[in-house]
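These come from Swiss-Prot:
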- Arg42, Gly43, Asp93, Asp94, Leu95, Val96, Asp97, Thr98, Gly99, Asn100, Thr101: 5-phospho-alpha-D-ribose 1-diphosphate binding site (BINDING)
- Asp94: Mg(2+) binding site (BINDING)
- Asp97, Ile140: guanine binding site (BINDING)
- Asp97, Thr98, Gly99, Asn100, Thr101, Trp139, Ile140: GMP binding site (BINDING)
- Asp97, Ile140: xanthine binding site (BINDING)
Amino acid sequence: MSGKYTNEKYVVTWDMFHMHTRKLAERLLPASQWKGIIAVSRGGLFPAAVLARELSIRHVETVCISSYEHDEQGELKVLHAAQTDGEGFIVVDDLVDTGNTAKEIRRMYPKAKFVTVFAKPLGAPLIDDYVIDIPQETWIEQPWDLGITFVPPLARK
């Protein structure tokens, strides 16, 4: 893990993720105001699916921006961009961290409503709405990055 993170981890279960994303969807009502969703790949694909279902939106685009290599944040690379200025669109990502990706998204889609499920202090001012505050130094373990594994008991016979 990068030197900027402490040992603190925030582990997100599928149930928590779904509950928080549905709360975000409620804040985006009425659904009729939206033309579509732009998911920031890859983390934004998961909340985009929930938002699309809850808001009955069928038009889902992607913007693919690479900024992490494993758990290290690096240079931004736009791999694919939805062709719109964002008017009438929700742009969604799972998390805003330092704000580097968010700044690029804002530049690309200035008229979009930009939302995330989780936000850290450095990035939070760059988006329009989010559900959960996360301390800047805390690493988030998203459910799509985890597997269920056996953990041996602390006490052995």
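The backbone N, Cα and C atoms fix where each Cβ goes, glycine too.
Annotated features taken from Swiss-Prot, shown on the structure.
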| residue | record | DSSP (3 states) |
| --- | --- | --- |
| Arg42 | 5-phospho-alpha-D-ribose 1-diphosphate binding site | coil |
| Asp93 | 5-phospho-alpha-D-ribose 1-diphosphate binding site | strand |
| Gly99 | 5-phospho-alpha-D-ribose 1-diphosphate binding site | coil |
| Trp139 | GMP binding site | strand |
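Taking Cβ-Cβ distances under 8 Å and a sequence separation of 6 or more, the neighbours of Leu95 (5-phospho-alpha-D-ribose 1-diphosphate binding site) in its chain are Gly43, Thr116, Val117, Phe118, Ala119, Lys120, Gly123, Ile134, Ile140. Straight-line distance linking the Cα atoms of the residue listed as 'Mg(2+) binding site' and Arg42 (5-phospho-alpha-D-ribose 1-diphosphate binding site), rounded to a whole number, equals 9 Å. The local packing around Asn100 (GMP binding site), expressed as other Cβ atoms within 10 Å of its Cβ over all shown chains, amounts to 18.
For the pair formed by Arg42 (5-phospho-alpha-D-ribose 1-diphosphate binding site) and Trp139 (GMP binding site), distance between Cα atoms is given as 17 Å, rounded to the nearest Å.
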